[in-house]
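The transmembrane segment feature in TrEMBL is assigned to B:51-70, B:82-103, B:176-193, B:205-229, B:241-258, B:270-292, B:304-322, B:328-346.
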Number of protein chains: 2
Amino acid sequence: MEYRKIKDQDKDGDVVADDIESLHGKALSAGNFATLGGSSSEKSKWKRKSIVTLALTVLTSSQAILIVWSKRAGKYEYCVTTANFLVEALKCAFSLAALGRIWRNEGVTEDNRLSTTLDEVSVYPIPAVLYLVKNLLQYYIFAYVDAPGYQILKNLNIISTGVLYRIILKKKLSEIQWAAFILLCAGCTTAQLNPSSDHVLQTPFQGWVMAIVMALLSGFAGVYTEAIIKKRPSRNINVQNFWLYVFGMAFNAIAIVIQDFDAVMNKGFFHGYSLITFLMILNHALSGIAVSMVMKYADNIVKVYSTSVAMLLTAVVSVFLFGFHLSLAFFLGSTVVSVSIYLHSIGKLQK
Amino acid sequence: MEYRKIKDQDKDGDVVADDIESLHGKALSAGNFATLGGSSSEKSKWKRKSIVTLALTVLTSSQAILIVWSKRAGKYEYCVTTANFLVEALKCAFSLAALGRIWRNEGVTEDNRLSTTLDEVSVYPIPAVLYLVKNLLQYYIFAYVDAPGYQILKNLNIISTGVLYRIILKKKLSEIQWAAFILLCAGCTTAQLNPSSDHVLQTPFQGWVMAIVMALLSGFAGVYTEAIIKKRPSRNINVQNFWLYVFGMAFNAIAIVIQDFDAVMNKGFFHGYSLITFLMILNHALSGIAVSMVMKYADNIVKVYSTSVAMLLTAVVSVFLFGFHLSLAFFLGSTVVSVSIYLHSIGKLQK
């Protein structure tokens, strides 16, 4: 539970939504981004895209490994809200540090200055709102679905991301890429199957509706972040991140006051923290930044593939680290995911 | 066990192998078939292909339903060898009846006459030999794999059929069609997953080797039948079937003498037969003929897709007939198989 909450915030917390109409009006097509952002050559773009994708994959899988490690080491009694706040604060600090370096080397320009307009900054609090709504729903969905069932249902995010990516960002996926996306969802779910997975089929109607709503919220969040970050392609990503994370900090501070004010006051802010808690916070901060970078230099589709591959990597690494056994379902799911990645790349060429 | 033996013979018993060298020499390419067999229009060809494929799908799924029915009704004590013999005899009778009709309507021609040359008929006994080898191996593989595990490993047939189809018949599959074929194998296996499926991962090395050898034998058998039947495209399929089944009868008669001579002599040929036994024999005979027709008018790839879809259909029908429950794995596998079929058809267009 604790992990999931941090993780969900991390993935969706750096999400900014804008008014859909305004986005439509400005026609944020792939072509626009390509021409506006084209300061470096295609090759260096590809290299940057590969590096951020690789970073996201490695960070996401090490995230899951840290969780297993922390579970093995016993339960932690820290406040989830304080950990979430620290993740946001750390991301803010990293963004400022990166900006400081850039200012020293390149000087302050229109694109990397921190000061902003109301028009630019007004959309940045929205991800935090989306996050709050999703977190609220998350408490309700456990009335209908158990935790492993919820992990299975979360794969609906893959489909919702694809659909909203198409609708909101108006980017086209080829027929083969759509097929690949359905396969990615089926493959990831297959890889996670265990003997008790069939319980999820007994989910009542309300549970399905909530799972779909949450998948849509999560998809919206991801696609909106991409829209907002790419809306100003020349704006420095660290400035964009800074504003995203500032509002993340603010909303998490409110959450601390509402939910855990007494605990923090009586036991202290860092009560129950251990080395592994700090490592998890560091990891979540870094992978949050990696998500933003993938949104800036690649897209939500790459993000989904990256986190899916991370899920498979985690399982393989866990075999060596923790002596886990891989199931036949895992091998079948991995095969389907691999074919999906292949088809996605083929589909791109034939588009 | 009893069912599997009938079924395996049925699928692979109508298989004829030729000398690979001679096939290569005669360059049985897809193009050849298309020009040689082109007496009717494309549309009627497509219609005929659809009808035989549909027939195979329906017959194969009703086959599986008959098995479930027979299992529910209790065990049968009939000799498997006599049932196999009757299947071949019935197929022979059907072929002769069809030929009789054709002779009455069209007269005896070069293409539909029953008499044959040694050159033509010499390859027809080979399927029976392949069948014997495979049946022999089947007894040995159960030393390493249990029956449900064997059902899982049999999905390797899909891959071996694709590979041998490419190598022996020299027909090309597009990249997307290869991807679709891997997905078909993964999807069918996923749909068959149950909580004990992981046992198959503990299969010892010898078991894997035997499973692969059996998959290759099965694939060889299927692809060879297609090669032989299509080698003489103008030759009437019923004549080709007649000769295939005559040798099937002969080899099954030998099997009766070797394995069940005493039982048949003491208890009689039809000892232990019931209505359902006769229905299963009739069904196997008809689906055996449907396999031949698919080989003649379509190909092994269509056959593999048809029997895979039949497997899924069976499960769905069993929900209504026997109150079976569909697992999450079944839905995921069905999704992957559906996408595979879609990709196969897309891949054909783009080839």
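Every residue, even glycine, has its Cβ placed from backbone N, Cα and C.
Keep in mind the model is a prediction, meaning the values are calculated, not measured.
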Cβ contacts the transmembrane segment (B:270-292)/the transmembrane segment (B:176-193), at least three under 8 Å, sequence gap 6 or more:
no
Compare B:241-258, B:304-322, B:328-346 by their Cβ pairs under 8 Å to the transmembrane segment (B:176-193) and return the stretch that comes out on top.
B:328-346
Should the transmembrane segment (B:51-70) and the transmembrane segment (B:241-258) be scored as in contact, given a threshold of at least 3 Cβ pairs under 8 Å and pairs 6 or more apart?
no
In the same chain, who gets a Cβ under 8 Å from the transmembrane segment (B:82-103) while lying at least 6 residues past its ends?
2, 5-6, 9-10, 13-14, 112, 114, 236, 238-239, 241-242, 245-246, 248-249, 252-253, 255-256, 260, 264, 269-270, 277, 280-282, 284-286, 288-289
